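Just below is one structure, and these are the notes that go with it.
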């Protein structure tokens with residue numbers, strides 16, 4: 001019976017025992033993870049038929065391998081059934097203990113994530129409150145204390161000022177200050193002339209003046225008095241500068257210099273402005289029509305010159321009228337206006353520079369139209385003529401008042417040409433005298449040469465030695481001069497000054513290049 005009973009127990013009548021693998025798979029965390037993995041695998045498998053066929057092949061392979069492994073491991077499992085049972089019981093007890101210690105294993109992943117999020121947010125909120133609340137409370141306390149202190153100090157100061165003003169000494173001090181300020185205002189009104197704006201008020205303000213006004217405070221009265229004094233000071237300085245300018249204009253020589261400076265400044269400004277308006281890279285447009293308008297531009301430039309002169313005269317008249325009138329802006333306003341004009345001219349010159357460079361490039365490449373070239377050339381010639389006139393006047397004045405030696409041009413090496421190359425007649429006579437061997441009865445006179453040419457030198461100083469020119473002719477020998485032996489003429493040492501100039505009448509001072517040109521022409 002015992003054997004039969006054991007056989008029946010082995011056949012399956014044993015009570016069912018818990019399996020560790022089943023319990024682990026039944027845990028909400030593991031089951032949820034498995035479901036998520038299964039959904040991902042299914043969606044990936046359904047994405048493409050090729051992927052589905054590959055996955056099915058792998059599934060069949062895994063199933064066949066698992067069935068083969070179970071069939072091969074079955075004898076081993078039967079022999080080690082007791083050991084597997086003991087290990088299963090031990091694992092179940094450990095799983096029970098783990099579930100007691102970690103209750104989160106009994107909840108799904110969504111719930112665990114939400115609870116974890118709430119826990120983290122509450123912890124962060126509590127940490128932030130623990131830091132910010134003390135700081136906010138402390139700052140509120142500090143600001144409240146500072147505000148209370150300021151209000152207390154302001155109240156104390158106001159009460160003190162009111163108390164001091166209500167005392168006898170305060171009343172006396174305020175009355176004295178009021179009296180002194182009133183006396184100063186009366187003195188200023190008596191000494192200083194009233195302004196036109198204040199003396200002639202608008203009719204709309206007359207009714208407002210009739211209405212009673214509150215007495216201005218001491219500070220406002222002091223400010224008005226200071227404003228009046230400063231305005232009068234500026235006006236006085238402007239009048240003094242104007243009178244000094246008028247007195248300086250009476251000095252001889254100042255008026256021409258000032259007018260010349262004003263004219264130069266106006267010409268320069270007009271040249272810059274006209275150049276800015278004209279230079280717009282004109283050589284990029286209308287290249288063929290430029291040559292046909294040359295004659296018209298010449299006439300136009302003459303008309304423009306007359307118009308420019310008229311504009312200059314009108315501008316000078318306006319400038320003189322403005323200078324004669326008292327400046328309403330005063331000294332500071334004039335300085336500011338001058339600085340503004342200077343800044344504007346600087347900016348205009350800077351902006352005009354690129355266009356000027358492009359125009360210059362066009363002129364170099366012969367692409368600039370004739371109108372622009374002719375007008376620019378005309379203005380440049382007018383400016384050069386004006387400068388030349390000024391220099392001529394200065395030179396004439398210096399020559400008139402300063403004694404200078406009169407200078408004229410002298411032909412270089414003209415005096416010593418006959419020494420190096422004597423005439424043929426002189427050589428013949430010298431040869432006959434030497435052949436005869438007889439001493440000369442008297443000194444043989446040197447051949448008298450003709451006067452030098454008069455094309456470049458009108459007269460010659462009596463002390464200078466005569467020198468033959470290009471057109472000189474050999475004259476007949478003169479009467480013998482007793483007492484002068486016939487000595488061959490020696491070539492004196494040449495000086496640098498002899499090759500360039502000789503004192504004579506007032507003639508232009510020229511160099512070697514100019515002299516060579518004049519010599520070729522003669």
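Placement of Cβ uses the backbone N, Cα and C atoms for every residue, glycine included.
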From 130, 230, 375, 414, the one Swiss-Prot labels phosphoserine: 130
Given ranges 195-217, 241-263, 264-286, the stretch to which Swiss-Prot attaches the annotation region 'Disordered': 195-217
Listed residues 66, 81, 320, with the one flagged phosphoserine by Swiss-Prot: 81
Matching range for Swiss-Prot feature annotation, region 'Disordered', among 159-190, 287-318: 287-318
Annotated residue, phosphoserine, per Swiss-Prot; candidates 440, 455, 497: 497
Residue carrying phosphoserine as stated in Swiss-Prot, selected out of 31, 64, 139, 436: 436
Taken over the region 'Required for interaction with CIDEC' (291-319), the model's mean pLDDT: 56
Separation of alpha carbons, residue 85 (phosphothreonine) and residue 137 (phosphoserine) (Å): 67
Spatial neighbour of residue 85 (phosphothreonine) that is closest, considering only the modified residues 130, 132, 174, 382 and their CA atoms: 130
Rounded to the nearest Å - Cα separation of residue 130 (phosphoserine) and residue 382 (phosphoserine): 88
Neighbour-count leader, CB within 10 A, modified residues: 81, 85, 132, 137, 382: 382
DSSP-derived structure type at residue 81 (phosphoserine), helix or strand or else coil: helix
Cα separation, residue 132 (phosphoserine) to residue 174 (phosphoserine) (Å, whole number): 54
